Amino acid sequence: MGACCSCLGNRGGDGSHTQLLLAENEREAISALLQYLENRSDVDFFSNGPLRALSTLVYSENIDLQRSAALAFAEITEKDVREVNRDVLEPILILLQSADSEVQRAACGALGNLAVNTENKILIVEMGGLEPLIRQMMSTNIEVQCNAVGCITNLATQDDNKSKIAKSGALIPLTKLAKSKDIRVQRNATGALLNMTHSGENRQELVNAGAVPVLVSLLSNEDADVQYYCTTALSNIAVDEVNRKKLASTEPKLVGQLVHLMDSPSPRVQCQATLALRNLASDSGYQVEIVRAGGLPHLVQLLTCNHQPLVLAAVACIRNISIHPLNEALIIEAGFLKPLVGLLDYTDSEEIQCHAVSTLRNLAASSEKNRTALLAAGAVDKCKELVLKVPLTVQSEISACFAILALADDLKPKLYESHIIDVLIPLTFSENGEVCGNSAAALANLCSRVSNEHKQYILNNWAQPNEGIYGFLIRFLESGSPTFEHIALWTILQLLESNNTEINALIKENETILAGIKNLSASQQQIQQSQIGQTTTTTTTNITNNNTNTNTNTNTTTSTSNEDQFEDPKVELFNLTQQILQILG
């Protein structure tokens, strides 16, 4: 225990005089404590005699005894961290009220040590520990500041404490101390601010306390820990749309600083800077700004690094950036396609695969040149190779990508040649609505405007695999789902309108298909009788499924249902059946 109990012995001179002035109970406590210290390895200082002896010193009016008690608590708790009760915490909280900086420093240290334990964190706050800790944070003594902020940092890791800390008045002094010249205080303060960013309400309190400009200014700090805490805190703050708008209007240097940190020698700083950019890129303005700030060369390098969390952060970021049409060509020119295709082999990370496919889908959405580049990079072949054996989430993304690609007439010949129909048909058996619907939409679009040059691909897949296009049409006609019925009817109509004798014969001569069409027509006819006239309407609507999405913090996938495209599915179904029957004669 050494120095922490220096006043317990007979120091001679003033010390001897002090000892003569001690009360009887204090002398007894000192004597008992010295004996306990001699056998410290066998003593539980948090109960019975040892705790009573320490408490006696705490309540003494003698400052030397208070210091000894505080130092003893600090050293004991450093070596023995476990759940304690109110009887242990109460004397430490009393010491926290002292005006003596040495007592304050040691008491804050002891409380911070005990605040490593979850139960202790809750009890310290319940017993009113925040108020004296906030006072000590504002001390002029650096050591007291450091220990007080460190304790708050530990307390803020407990979810139940966070809102209490946010409302306690602690955020303003924490923000001020984040600018301290002492690196220990800076680390503790920025760490505490980070711990306060895990809920929307607390993030708003933090923004209101003026923490954002301080966090942004500290991104250029030379200390990797401070950089990490600040980038992570800003990343969490950027989860909220209202905060992103505020950042856009008040922090013009933020994106440039984060882009610079993607080159940090610290992988965790790199990762958090990239995640912060990913969250900012939930907004279209930031999607463009990140590219203008030179973010693409950094991101494309990170996609091929060996640190999986960093790869995940980078591919999630580029997924959001790729949503903006102005960025599509720039991303392809920056060399992203091959790394993105390579990430599809990341079989131990569904998230990486999903983000990679979604990015490829975004890039293919609007440009023939981009789609051609996508094909040349091997994206379609790789997706086709993997789609039947990847997890459902990845399968959903790939099927959505297929649906987008199949919309493009310029790409259809290449898709036929890749034998993509061989995987689309099995995917239409999926019990997952998105996978089934996306795959059916892709298959339907491949069946539209079939040229004589490519009719053989339809004929070859008419009955295979898995009963082929024929089986797909029957299943969807009999599905009972208006969406799936519509896809089947639309596909049949497109095949007939291709005016290919062989394909038309396959439909006209198939009694099951004809029966399915007539049954749907009959079931809708009575309902729709009053809504249709003497002539039928025509439709050139493609079957689409666009599920480009922005994701923030957590990885989510959104998709648009085909059913939402039609104001009245029943009218649409009836009209389709009438058009088909008219062609069939």
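Heads up, the Cβ atoms here are built off N, Cα and C, so glycines get one too.
What Swiss-Prot lists as N-myristoyl glycine is G2, and the listing cites similarity to another entry.
If you look up Swiss-Prot, you'll see C4 (among others) marked as S-palmitoyl cysteine.
Per Swiss-Prot, S-palmitoyl cysteine is recorded for C5 (among others), and the stated evidence type is sequence analysis.
The S-palmitoyl cysteine annotation in Swiss-Prot covers C7 (among others) and rests on sequence analysis.
Per Swiss-Prot, the feature repeat 'ARM 1' maps to 39-76. Mapped onto DSSP helix, strand and coil, the repeat 'ARM 1' (39-76) counts 28 helix, 0 strand, 10 coil.
Tertiary proximity for the repeat 'ARM 2' (77-116) is limited to same-chain residues at least six positions away from its ends with a CB under 8 Å from its CB atoms, namely 4, 45-46, 51, 54-55, 58-59, 63, 66-67, 69-71, 123-124, 127-129, 132-133, 136, 139, 141, 143-144, 147-148, 150-151, 154-155. Annotation comment: Swiss-Prot describes 77-116 as repeat 'ARM 2'.
Residue counts of the repeat 'ARM 3' (118-157) by helix, strand and coil are 31 helix, 0 strand, 9 coil (DSSP-based). What Swiss-Prot lists as repeat 'ARM 3' is 118-157.
Feature annotation from Swiss-Prot assigns repeat 'ARM 4' to 159-198. DSSP assignment over the repeat 'ARM 4' (159-198) gives 28 helix, 0 strand, 12 coil.
Marked as repeat 'ARM 5' by Swiss-Prot: 200-239. Through the fold, the repeat 'ARM 5' (200-239) approaches residues 162-163, 166-167, 171-172, 174-175, 178-179, 183, 186-187, 190-191, 193-194, 246-247, 250-251, 253-254, 257-258, 261, 264-266, 268-269, 272-273, 275-276, 279-280, 282, 552-553 of its own chain, all at least 6 residues removed from its boundaries and within a Cβ separation under 8 Å.
Tertiary proximity for the repeat 'ARM 6' (243-282) is limited to same-chain residues at least six positions away from its ends with a CB under 8 Å from its CB atoms, namely 203-204, 207, 212-213, 216, 219-220, 224, 227-228, 231-232, 234-235, 237, 289-290, 293-295, 298-299, 302, 307, 309-310, 313-314, 316-317, 319-321, 550-553. According to Swiss-Prot, the repeat 'ARM 6' annotation covers 243-282.
Positions annotated as repeat 'ARM 7' by Swiss-Prot: 284-323. Counting same-chain residues at least six beyond the ends of the repeat 'ARM 7' (284-323), those with a Cβ under 8 angstroms from any Cβ of the stretch are 244, 248, 255-256, 259, 262-263, 267, 270-272, 274-275, 277-278, 330-331, 334-336, 339-340, 342-343, 346, 349, 351-352, 355-356, 358-359, 362-363, 548-551, 555.
According to Swiss-Prot, the feature repeat 'ARM 8' maps to 325-365. DSSP places the residues of the repeat 'ARM 8' (325-365) in helix, strand and coil in these numbers: 31 helix, 0 strand, 10 coil.
Annotation comment: Swiss-Prot describes 409-448 as repeat 'ARM 9'. If you look at the repeat 'ARM 9' (409-448), the same-chain residues 6 or more away from its ends with a CB under 8 A from one of its CBs are 368, 371-372, 375, 380-381, 384, 387-388, 392, 395-396, 399-400, 402-403, 454, 457-458, 461, 465-469, 471-472, 475-476, 483-484, 487, 490-491, 494-495, 497-498, 542-545, 547, 559, 561-562.
The region 'Disordered' annotation in Swiss-Prot covers 531-565.
Marked as compositional bias 'Low complexity' by Swiss-Prot: 531-562.
Away from its own ends, the repeat 'ARM 4' (159-198) comes close to residues 121-122, 125, 130-131, 133-134, 137-138, 142, 145-146, 149-150, 152-153, 205-206, 209-211, 214-215, 217-218, 221, 223, 225-226, 229-230, 232-233, 236-237 of its chain (Cβ-Cβ under 8 Å, at least six residues beyond either end). Helix, strand and coil content of the repeat 'ARM 5' (200-239), in residues and according to DSSP, is 33 helix, 0 strand, 7 coil. Taken as a whole, the repeat 'ARM 3' (118-157) shows an average pLDDT of 97 in this prediction.
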